[in-house]
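Heads up: the structure comes next, in structure tokens.
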Amino acid sequence: MPMARVEPSLALFCICLLLFSSGVFSATFTVINQCTDTVWPGILSGAGTQPLATTGFSLQSGASTTISVPESWSGRLWGRTLCAENSATGKFTCVTGDCGSGTVDCGGAGAVPPATLAEFTLNGAGGLDFYDVSLVDGYNLPMLVVPRGGAGGNCTATGCVAELNGQCPAELRVVSGGAYGTDESVACKSACLAFGDPQFCCSGAYATPDTCKPTSYSEFFKSACPRAYSYAYDDGTSTFTCASADYVITFCPKPANRYLPKCHLSVLNKSATTNVSLASSGSDSRPSLFFTALVAVLPVVSRWLPLH
């Protein structure tokens, strides 16, 4: 007895369901540089998390690039500034956010503080993405994180869009020292980094939410950037959730543009992928999952379709 022909609609549904449940679809990070000078983003994947295709790259002013991210990825992204390659040693270094790898790729190394951090845990508890922008390790650039096309959670934009280097308290300032033709502040340390006091670091006797409280220094960051982490236990107003979203990460989002010190920098990698900026259009960069699944399974389903 010949096997009954499987109805195409049922076959399509089953295969799409299999594709969705197998986790073949990923999120995307669209990274945009609206600063007036080149920024070198760095990426660090969390322990036990699949590394991304890139761990560091050059992003010229006005450029953007899109990165595919596994659905359960966790890690952090930041911007490096005032970077150059030493002509004698060939070593690549940055004045702020340097990862110490000696190359444009960070290769599994994180940012040397101070640096503004975008932190992600995708597909976490309850299937939600958890994301934040943190100033716990200090600040070097304005940054905005905007979820696109997500559902569930609150899917709220977060970040620190204020320019804080010029306002930074004198005792927290990182000054370039004239090496790049300027003596202006290029980053702002956390109080923990500046003083090493357990009270500022939420360590030792201050290692709990009950004992570690906001300080005048953390309040400086919080008042300027209410949605960003200002100290270790600043969770309530600083962690956001969304589900199945793509994320647009913008350095120096307008109108709070970040003017880097005027200096001559070596642009080591001018081939960063340049895409249309999503910040202004507000469009979702990822095709609908149903459309993607349909394209993938049509060749298979076509074998069950009648020829007439």
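Just so it is clear, glycine is given a Cβ too, placed from its N, Cα and C backbone atoms.
Note that this is a predicted model, so its numbers are computed, not measured.
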Cross-link partner of Cys155 (disulfide, per TrEMBL) out of Cys83, Cys242, Cys252: Cys242
Record TrEMBL, residue Cys188, disulfide partner from Cys168, Cys202, Cys212: Cys168
Record TrEMBL, residue Cys94, disulfide partner from Cys83, Cys106: Cys83
Those residues of the chain, 6+ apart, with a Cβ under 8 Å from that of Cys242 (disulfide bond): Leu128, Asp129, Tyr131, Pro147, Gly150, Ala151, Gly152, Gly153, Asn154, Cys155, Thr156
Tertiary neighbours of Cys212 (disulfide bond) (same chain, Cβ under 8 Å, six or more apart): Gln199, Cys202, Tyr206, Tyr231, Ala232, Tyr233
Between Cys35 (disulfide bond) and Cys160 (disulfide bond), the C-alpha gap once rounded to whole angstrom: 14
Lowest local Cβ density among Cys35, Cys188, Cys201, Cys225, Cys252, which the record lists as disulfide-bonded residues, within 10 Å: Cys201
Between Cys252 (disulfide bond) and Cys99 (disulfide bond), the C-alpha gap once rounded to whole angstrom: 20
